[in-house]
Each structure stands twice: as C-alpha cells, then as structure tokens.
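Structure, as structure tokens:
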Amino acid sequence: MSQSGESTTIFDAEREQFLNSKSSSRIALTVDDTEIDDENDDIFFENQLRTGLDSIIEDIGFGKFQKQLLVLCGFGWLADNMWLQCVTMILPRVQVHYQVSNSVIGFLPSAVTFGMMFGALFWGTFSDSYGRKQAFNWTLAVTAFFGVFSSFAQSFTQLCFLLFFMGFGVGGNLPVDGAIFLEFVPKDQQHLLTFMSIFWPFGAVVTSLAAYLVLPQNSCPESDGITFSCDISKNNGWRYLLAILGSLTLLMLIGRVLFFGLKESPKFLMARNRHNEAAIVLRDIAHINGREISVDANDLSTSDENPPRVSISMTYPPVKILSNSHYRYKGFFVDPMYFIKNRISSKRRDIAPLFTPKWIKTTILVWTIWSVVSMAFVMFNVFLPKYLEALAGTENSGSNGSDILDQVMKDILIFSFWGIPGSLIGTWLIDTPLGRRYTMAAGAFSTSLSVFLFTALKTRIATVICCSAISLFTTIKYAVIYGYTAEVFETKIRGTANGIASACARITGILAPILTGNLFSISLVAPIYVSAILFSIAGFCMILLPIETKGRRAV
C-alpha cells in the first residue's frame, strides 16, 4: 500500500471508529458555562426537550389514533395470556397423548416460558435500539407462525421446540406494547395503560371458551394419574386448540399491519435526535384525530425563550495502524474484535443507567416483584386443570371422563371471566389514595389469602368461588404491575427495563413448572402453599417501592 493510500485508510478508520463507538471518545459539553460530562449529556438534553414534546402531545389530546392504538396494543396483551392459558389447558391432554410423566410434562410450559424470556430481552432491547414500530408487528408475526405450526408436532420434543419459538414471539408483547401506548398518550390519559390490562383476562376467557367447545369431545381424559381407555387418534383436541389460537393471532397481526399504520414513537425519535421525523409523526397523529397543527423541529427543541448556550469539544484516541492480517470492511482494514467490544459496550450502556443511585432500588424491587409474582402464579395455575380433574374425579367417581372434563372446562371458563372486572377495579383504585403501590400490594395479599382458602375448602362450589377470587385479585395486581413498570422508568431506558423485568418473570416461569411437577407428584397441595407464600413476599416488595407514579408524568 502506498503511503498516501495508507493515510487515507487510517483517516477513514478513525472516522468510522468515532461514528460507531461513543465509548472510545470523549465528548465534553459546556452549557451556560457548566460542563456536562458525556455520561449525562443525553439526560440533560432529554430534560431540555421534554417539555416542548409533552405540551404538543397534550395539545393533540386523546382521539381516534390513541383509541385504535389502545385496542391494537391490547391485542398483544390478550395474546400473551391467551397462549399462557392455552399451555395450561392442553397440558393434561399432551401428557396423555405422548405418555410422559408428571416430572417431564413440566418441560412444556418451561419451554414456552424460556422462549418468552428470550423474547422479552430481545424485543425490549430491539425496540429501544431500532424503534417501537418494527417490534410491534414482528412479535405477533412470530407468535402466529409458530403457534399454527405447533399444532402439527409429531413428538413431545417437537412440540416443546415449536412452542419455544411461539413464546419468543409473544414474550415481547408486554414490554413493547406498554411502552408504545404510554409514549403516545397525554398525561391525563396515562391511567388507560392500567385499563389496557383488561385485554389480559380476555385472553384467558378466549382460550377457556375455545377449550370448552373443543377439548371435551376431542380428548382422552385423565383422572388420578390413570388414563381412561381412549383411542389416541381421538385425542386431537389440543391440536385444534393450538390451530384456532394461532389463527386468531394471525387476525390480530392483520389488524395491526393492514388496518392501522403505526407511527414511530415521537419520544423514541427525539431520544435519537430525529426531530424532523418526530414533528412529521406529531402532525400525522393530529390529522388522524381530526386536528391540524403546525409543528416543526424547532418547536420541539425547548420551551425556553432563551435556549441554553452549548459548546462542544470532542477528543478520541487515534486508531492504531492495522496490518493486512485484519479483515477488510467498507474499504479499510479493521480488527474484528473492535466490533465485538463495541457491541458489548453498547449493551452495557443500555443497562448501566438502571443501576445508578437514581434507579437501582426501583430496578431491583421491580425485577424482584416480576420474578416472585410469576413463579407464584405459574405454580398455582399451570397444573390447575389437572388438579381440578383429580378433585372432580374423586367427587364424581361414577361419572365418565368426558363429563368430568366438561365440568372442569366449564368451571375454568367461569372463573376466567372474573379476571375482567379486576382490570376495571385496578384502573379505578390507582387514582384513589391507595395509588399504584398499595393497590398492587393489596391485590398480592388478597391473592395469597384466596390461595390458602383454596387449599382448605374442598367442595366444587367453594373451589369455584376461591378460584374466581384468585382470578379477580391476580388481575388487579398484574394490571397495576404492568402499568407501573412502564410509568416509572424514563423513555431512554423504558424498553430495556420492561424487557428485563419481563425476562425475570420468564426465568422464574421456566423453573416453576418443573418444580411444581415434582411437588405435585409428592402432594397435590404442596405447590399451592408455596404459591401463597410467594404472593405475600411480592406484596411486601410492592410496599417498599420508592416511587409512587400516581399523578407523575411518564417521561
């Protein structure tokens, strides 16, 4: 290489490193004669820009666009619980179909939850890096594809594999959809994020209704671990249920893509300094709502008449001369380790703000709450149909398997409906003196008490009442947890924080079915007692949360 060519290559390499690696550079900002270090410059400018953007969102108001978004984001939450409930409903049927033991069957819900964990991590971080819009559509696309194909599984291993990828898709719905909705609505309508959780119990109702219509006539029942005599070819109800729910998810995706053109979040665009695009999105939303506004990038800059004086100086280390043994990339030689280190540094920068003194207590408590509540809920819920079938078989020893299964499906449908008023009650309670923290704590303690009563009362009527109460209080608790987590964190870390919180829930959700299956083999009530204790622990963590988001603008 000539000396001139080498100089050009080194210059290009230096420029590329500067553009792609903030960690290797030093950016010093002086604002009104005060130096802002490079770790806090994003926070500083976000605070400066926030007021102008928020005031415009307030002026646009809550109209047609936000109402459509509420429904379509709600589809994601509906799909989340719809598929969780589906796994619970088909579990005894799959166990009979593939003749697997209690200790092994728990790997099926664990595979789904494992996929959800990776999905929550991937889609939450993806939405913070590449935008909310892409993640919004792809989560349901992946869910629908693998949901339908799982109905054709020819072995237990295949079914676990396909449902893992279904879980990967559906796992992104909660962190992504909640963040999207919150960033499009004015402050006085943010409580609707809690109201949106009403779609979550509807997911359980949809699955329970489909299961009630499909499973009893197309299943081999099970009672007390003894399989009734049944032709395995007549045990395809679980396949029909998977195909039905996969098709419903596909319809939700079509509604999102064809009938609603989601705009990229203005707050995400502002956080990426894409002010012109943010202004265009705001004008489009106002037009959809039947209003016309005049807004450009300058209107989003600051609400102050005299914006701060900013001077910027930049220094970064020179790039070492690279040998011919390095790879060629975009016209110059680069060290491949540079890209790996740069990517790791980028991920660290995404997560690091969550562990600053400002956020560390909230971060740890929120992630603990998601983890504990998930384990408690899964331990109670995942084997509930199996438990109810065993209980019904004991009470009605003379009934045939189909009648017992029909009764159990009907009972599950009844108390699934009781989750719906839970979201409405939660939406009302969060704006009372209880606020967000004490509303979800009350829901957690009430759920714990109801679970204890469930183990003590053995009649069918008492069981239905207790399960209905558990469904009601669980929905109240979950409704507020979802809304609180999205509200409490700021825009630049919201997707990551929500994604990791959801991933924490999935990790404990992976462990819970396996642990429950082994406990279930020992005692029918052992996992239920553990579940009640965990709900109480979650309640105490909720009380300890340092930030109450009632009346606080989501920033």
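Keep in mind that glycine also has a Cβ here, set from the backbone N, Cα and C atoms.
Some features that TrEMBL has for this protein:
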DOMAIN    69-550  domain 'Major facilitator superfamily (MFS) profile'
TRANSMEM  103-123  transmembrane segment
TRANSMEM  135-156  transmembrane segment
TRANSMEM  162-185  transmembrane segment
TRANSMEM  192-215  transmembrane segment
TRANSMEM  240-262  transmembrane segment
TRANSMEM  364-384  transmembrane segment
TRANSMEM  412-430  transmembrane segment
TRANSMEM  437-455  transmembrane segment
TRANSMEM  461-484  transmembrane segment
TRANSMEM  528-547  transmembrane segment
Out of 135-156, 192-215, 240-262, 364-384, 412-430, which stretch has the largest tally of CB pairs under 8 angstroms to the transmembrane segment (528-547)? 364-384
Between the transmembrane segment (192-215) and the transmembrane segment (461-484), are there at least three Cβ pairs closer than 8 Å, leaving out pairs fewer than 6 positions apart? yes
Chain residues outside the transmembrane segment (162-185) and at least six past its termini with a C-beta under 8 angstroms from it: 57, 62, 65-66, 69-70, 73-74, 76-77, 79-80, 83, 87, 108, 111-120, 122-124, 126-127, 132, 135-136, 138-147, 149-150, 153, 192-193, 196, 262, 265-268, 285, 482-483, 485-487, 491, 494-495, 498-499, 501-503, 506, 554
Taking residues 6+ outside the transmembrane segment (364-384), which of them lie with a CB under 8 Å of any CB in it? 84, 87-88, 91, 106, 109, 113, 412, 444, 447, 451, 467, 470, 474, 477-478, 481, 484-485, 488, 497, 500-502, 504-509, 511-513, 515-517, 520, 527-528, 530-532, 534-535, 537-538, 541-542, 544-546
When you scan the chain for residues with a C-beta under 8 Å from the transmembrane segment (240-262), skipping those not six or more beyond its ends, what do you find? 68-69, 72, 75-76, 78-79, 82-83, 86, 89-90, 132-133, 136-137, 140-141, 143-151, 180, 206-207, 210-211, 214-215, 218
